């Protein structure tokens with residue numbers, strides 16, 4: 001068999017071997033064994049050649065992402081990707097994830113999962129969208145442009161090779177933990193009497209939040225609490241693809257926290273430390289001095305500093321009421 005593989009190595013040897021086989025094939029002793037050997041090795045060569053043809057087309061997810069990234073860095077400069085690219089990616093993710101909750105509220109779909117029975121009027125929803133577009137283009141976009149030199153100074157890059165998923169996931173987890181810590185204290189400060197009245201009350205105009213209200217806030221608050229989102233990337237100087245993933249996940253998290261619905265598939269049902277919509281909805285429907293639940297993503301900061309006692313007490317009361325109803329039935 002090894003000898004046959006060597007014979008098949010080049011086309012000239014293959015031709016000679018075929019001629020030899022045709023000659024020996026007239027002899028009954030060699031006919032059957034040679035035909036089996038030829039069949040086996042022809043099959044082997046066909047499989048090997050087919051594998052060589054298919055292999056270049058078997059693209060992995062990593063190669064697809066790398067190809068797409070190569071296109072981006074070839075056709076756009078650093079500033080365009082870091083500022084304009086980040087801005088429009090944010091807008092796409094934010095509105096695509098937030099607008100469906102307006103539709104759910106207006107149509108009354110999945111109402112059994114709605115946390116509050118009250119609905120926002122179409123006029124209130126339209127006001128939110130109009131203000132958001134104004135804030136995004138007049139505050140967020142200039143802020144991204146102004147932050148660009150800072151990120152470059154801290155080492156942000158967009159070149160190849162892309163960072164490994166281990167590096168990306170570690171940095172994003174660090175950003176979530178740090179953001180939650182900084183946001184908690186900033187949010188508590190905004191609930192002091194003067195700052196709430198003049199700044200944070202804008203965000204609380206919507207006592208019944210829906211997805212898009214997550215970024216409805218006073219421009220000063222956008223600047224103040226926005227620092228919690230960018231402080232992690234400023235420290236680590238990540239690759240732009242890491243920054244984009246962090247931004248996408250942060251947007252999806254805050255939209256979900258303000259969506260006004262608690263579904264069976266909500267993340268808070270599976271991750272005990274995750275706050276989610278039910279946790280943050282409580283914050284919106286109470287007066288500023290009694291609301292608590294100041295964290296953005298997790299619940300441990302409120303638990304550590306006792307600012308979730310009202311929420312926990314309400315959960316116990318609801319649980320007791322459900323148990324009482326069950327016994328009566």
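Using N, Cα and C of the backbone, Cβ positions are placed for all residues, glycine too.
Unlike curated entries, TrEMBL annotations are predicted automatically.
Predicted, not measured: the structure shown is a model, and the values here were computed from it.
Looking at 48-70, 163-185, 186-208, 255-277, the range annotated in TrEMBL as transmembrane segment turns out to be 163-185. As annotated in TrEMBL, transmembrane segment covers the listed stretch 132-151 rather than the other ranges in 132-151, 292-311.
Here TrEMBL gives transmembrane segment for one range in the set 1-26, 79-104: that range is 79-104. DSSP assignment over the domain 'Fatty acid hydroxylase' (172-307) gives 89 helix, 4 strand, 43 coil.
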